[in-house]
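These features come from TrEMBL:
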type     : residues : note
TRANSMEM : 18-35    : transmembrane segment
TRANSMEM : 121-139  : transmembrane segment
TRANSMEM : 159-181  : transmembrane segment
TRANSMEM : 188-207  : transmembrane segment
TRANSMEM : 227-249  : transmembrane segment
TRANSMEM : 256-283  : transmembrane segment
TRANSMEM : 303-327  : transmembrane segment
Amino acid sequence: MFSLIENEVTKMIAKKRLMFVLIILVILISVFAYGQNRTLARTKAQLTQRMGITATVDWRKLAEQQLIDMKGRLDSPYMDAKSQSSLTVRMQQLQYDLNNNINPLDQSAAKFTATFMEQSIFLFLPLLVVILAADMVSGESSSGTIKLLLVRNVPRWKILLSKYLALIILEVVVVFCAFLLSALISGFFFGFGGWMAPVATGFKVLAGKLDASGVFNVQEWQFSLMVYSLAFFVAVVVGSISFMISVLVKSTAASIGIILATLIAGNFISFFLSDWTLTHYLFMVNLRLTDYLSGAVQPVDGMNMLFSVTVLFVWALVATFVSFLYFTKKDILV
């Protein structure tokens, strides 16, 4: 089994897909870090010029000013109910940070590392996984190389299991490299500190209001560990579904197209069909697991961490079962 897994990992590396994914990570992380640094520098300059506030020293004054601005926006008659709910939650979180002497405006490599994955977990990370997983079986089916594996005296389930485990290994590499590259690249812009800074987590949003009864403080490195652990879980789920499609569809292009369309459709479904009960059980809608850590308003009401994790786990389990059932039964040698 080990030799089969090693062979699959070697083939993926030879295809340069992993290298392509890592290059994308380096480019996007660099662009995001540079853009955030420019925005931060411009904001500091404006505050110093117009209000005499230095963000690093007078962060409490700045946070209080942000609260005033948010209250002004909240009174706008043109804001819909969902936007009002989201803004109200943000105000309550900001007030909590003020009351507990937590600087929410400070930027560091540690904070950027967590924020990058929080923003990537529902679309960018799944897209990277799709690049790795979409042709693991369909690519070999279309080229005919899958037949060479099946004529060997190895059970089909072992061949497929080796491919699946190789995919999980590559997902570990991608998530770890995302963490490492985020910390290193952003460190050149914001400094390499901030890992011991306090972060409030455990917020819950109930009926459009923030529930802080279960909130507790962790250090930034602990928060990042939680974020990237959830990211790995999401990567495994999306990888399992992409793997299933790769088994069911012979064409690599069709395999990639199906999963990409499904992921992108999730954003539209959560926006236009948020009141539809079935929406709660779609895997695309439940990918924002890190939002539960920060207390962000979910695009679809009535969900919590346990519910989303359960839904995703069931999707991954069913996808894996279908993959093995179909692969071991279908006639590939014709």
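A Cβ is built for glycine as well, from the same backbone N, Cα and C atoms used for every other residue.
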Residue numbers, six or more beyond the limits of the transmembrane segment (227-249), whose CB comes under 8 Å of its CB atoms: 114, 117-118, 120-122, 125-126, 129-130, 132-139, 160, 163-164, 167-168, 171-172, 174-175, 178-179, 255, 258-259, 263, 283, 287, 289-290, 293, 309, 312-313, 315-316, 319-320, 322-323, 326-327
Closest-packing stretch to the transmembrane segment (18-35), where packing means Cβ pairs under 8 Å, from 121-139, 159-181, 256-283, 303-327: 159-181
Residues of the parent chain within Cβ reach of the transmembrane segment (256-283), under 8 Å, 6 or more residues beyond its termini: 122-123, 126-127, 130, 134-135, 237-238, 241-242, 245, 249, 299-303, 307, 311-312, 315
